[in-house]
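Copied over from TrEMBL:
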- 43-58: transmembrane segment (TRANSMEM)
- 78-100: transmembrane segment (TRANSMEM)
- 120-145: transmembrane segment (TRANSMEM)
- 151-168: transmembrane segment (TRANSMEM)
- 180-200: transmembrane segment (TRANSMEM)
- 220-242: transmembrane segment (TRANSMEM)
- 263-285: transmembrane segment (TRANSMEM)
- 324-345: transmembrane segment (TRANSMEM)
- 365-384: transmembrane segment (TRANSMEM)
- 390-412: transmembrane segment (TRANSMEM)
- 424-446: transmembrane segment (TRANSMEM)
- 466-488: transmembrane segment (TRANSMEM)
Amino acid sequence: MEIERESSERGSISWRASAAHDQDAKKLEADQLLMKEPAWKRFLAHVGPGFMVSLAYLDPGNLETDLQAGANHRYELLWVILIGLIFALIIQSLAANLGVVTGRHLAEICKSEYPKFVKIFLWLLAELAVIAADIPEVIGTAFAFNILFHIPVWVGVLITGTSTLLLLGLQKYGVRKLEFLISMLVFVMAACFFGELSIVKPPAKEVVKGLFIPRLNGNGATADAIALLGALVMPHNLFLHSALVLSRKTPASVRGIKDGCRFFLYESGFALFVALLINIAVVSVSGTVCSSGNLSQEDADKCADLSLDTSSFLLRNVLGKSSAIVYGVALLASGQSSTITGTYAGQYIMQGFLDIRMRKWLRNLMTRTIAIAPSLIVSIIGGSRGAGRLIIIASMILSFELPFALIPLLKFSSSRSKMGPHKNSIYIIVFSWLLGLLIIGINMYFLSTSFVGWLIHNDLPKYANVLVGAAVFPLMLLYIIAVVYLTVRKDSVVTFVADSSLAAVVDDAEDDAGDVVDDEPLPYREDLADIPLPR
């Protein structure tokens with residue numbers, strides 16, 4: 001009887017091993033069929049995530065900083081946008097590579113890598129980043145509704161939340177449908193701003209000089225440059241991009257993963273190039289109109305304190321009453337599309353850090369409610385002016401948040417234990433770390449000097465300033481310690497491991513001539529690719 005049981009167990013183990021081997025062989029065969037398709041067809045299959053994440057560089061917060069930079073300095077700060085979007089292309093491609101190679105997105109890897117306390121801390125900061133990023137998007141959309149339909153801002157906030165949930169309902173028809181909608185909104189926005197640019201006709205020579213000759217002339221140029229840079233690099237976007245690429249069927253082979261990373265780089269490059277052109281158009285329109293000599297005193301006052309809800313006058317002289325409609329449509333496309341991606345980022349962050357499984361509509365509702373609550377409260381109490389100030393506060397919060405997403409991404413994408421042979425080259429490591437630490441340093445300098453300046457020049461009593469300083473300066477020290485900890489901590493979790501069962505499939509795939517199949521499977525953990533994604 002004992003012999004029969006042992007024989008049965010051995011047979012069961014052998015059957016399971018054979019079934020696993022057959023499954024691996026079938027997957028290898030499917031991957032080979034995918035790799036035989038033309039390159040252009042495989043590239044089109046990877047198009048989508050880049051356009052989704054490019055919206056973070058076209059959200060209402062970016063538009064407001066662009067408008068202010070153009071009004072205050074004409075075209076002199078365009079080089080900041082160029083450098084910011086080049087850096088954005090690098091870090092977004094690193095986020096995409098991380099997802100493709102490991103089969104996990106950034107939030108999931110953070111959860112497995114860091115101790116419990118650090119993990120909870122990073123999750124709370126990531127959720128705060130989503131809320132801070134969503135504030136300009138929600139308020140910008142509400143301003144658009146106000147401009148187009150003359151409804152109160154707080155009502156526009158409610159409509160924005162509802163419409164975003166309705167549009168997210170498209171995900172039941174597949175993520176590609178939602179990505180197509182997002183891409184169309186991007187091109188609507190581009191058409192509006194390029195139309196404005198063709199009417200205003202800024203001097204091409206001055207625009208090119210502003211793009212390639214760094215200058216910081218005039219009062220407030222440094223602060224405006226920092227604001228432009230801070231508005232461009234969004235921490236929640238890194239979580240989002242690393243997750244969206246997992247919705248694509250990238251073959252788990254050396255060539256398949258290399259092609260996937262390359263296709264995502266091309267797509268992100270094109271999407272961010274479109275974003276660059278739109279940002280240039282916004283700065284150029286603002287700079288040309290506000291520097292013209294025939295401005296009325298009322299318009300000159302608006303240029304001195306430009307905001308999203310007062311900027312439609314920029315085209316009044318050439319488009320008349322329709323200027324508000326064109327501007328409102330562009331702002332609506334910007335705000336509505338970016339709120340969708342913000343909600344997506346919140347879903348992936350919650351799923352990745354907490355591994356919460358819930359129904360999609362409930363998860364969408366929870367993320368949307370958390371995000372719009374601050375905007376709704378401030379717009380009810382403070383109206384348009386209060387909502388405009390909230391956008392500035394949100395931008396400062398995002399600058400504060402950036403290291404806690406950027407540093408883990410730079411470390412993981414440069415780690416052999418995470419990426420195997422696909423880790424960053426030494427040139428990318430040096431360049432990305434130098435740029436990353438430079439931007440983090442600039443943001444920290446801006447935040448600390450802004451706080452110290454406020455502390456010196458505010459109207460609070462001296463004892464109140466002492467109490468505020470005693471509370472904030474230890475927090476600033478803790479912030480620096482946390483950044484240093486994330487930077488110097490050694491990775492301990494291996495996500496790229498050898499798998500002998502996959503290697504066996506390669507041996508079986510050799511043909512009679514002894515040649516090995518070109519698409520040799522990577523030592524890649526299949527279990528990491530199974531995350532809930534929109535279908």
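Each residue, glycine too, has its Cβ placed from N, Cα and C.
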Quiz item: Should the transmembrane segment (390-412) and the transmembrane segment (180-200) be scored as in contact, given a threshold of at least 3 Cβ pairs under 8 Å and pairs 6 or more apart?
Solution: no
Self-check item: Other parts of the chain folded back onto the transmembrane segment (324-345), taken as Cβ under 8 Å at six or more residues beyond its ends
Solution: 52-53, 55-56, 58-60, 63, 130, 133-134, 137-145, 147-148, 160, 163-164, 167-168, 178, 181-182, 185-186, 188-189, 192-193, 195-196, 236-237, 239-240, 243-244, 308, 311-312, 314-315, 364, 367-368, 371
Self-check item: the transmembrane segment (120-145) versus listed stretches 78-100, 220-242, 263-285: most Cβ pairs under 8 Å
Solution: 220-242
Exercise. Would you kindly list the residues that approach the transmembrane segment (263-285) from elsewhere in its chain, counting only those six or more residues past its ends and only Cβ-Cβ distances under 8 Å?
Key: 42-43, 46-51, 53-54, 57-58, 62-63, 66-67, 69-70, 75, 77-78, 81-82, 85, 88-89, 92-93, 96-97, 100, 186, 189-190, 193-194, 196-197, 200, 202, 207, 210-211, 241, 245, 314-315
Practice problem: Could you pull out which residues elsewhere in the chain have a CB under 8 Å from any CB of the transmembrane segment (180-200), counting only those six or more residues past its ends? | Solution: 48, 51-52, 54-55, 58, 167, 170, 271, 274, 277-278, 281-282, 284-285, 288-289, 314-315, 318-319, 326-327, 329-330, 333-334, 336-337, 340-341
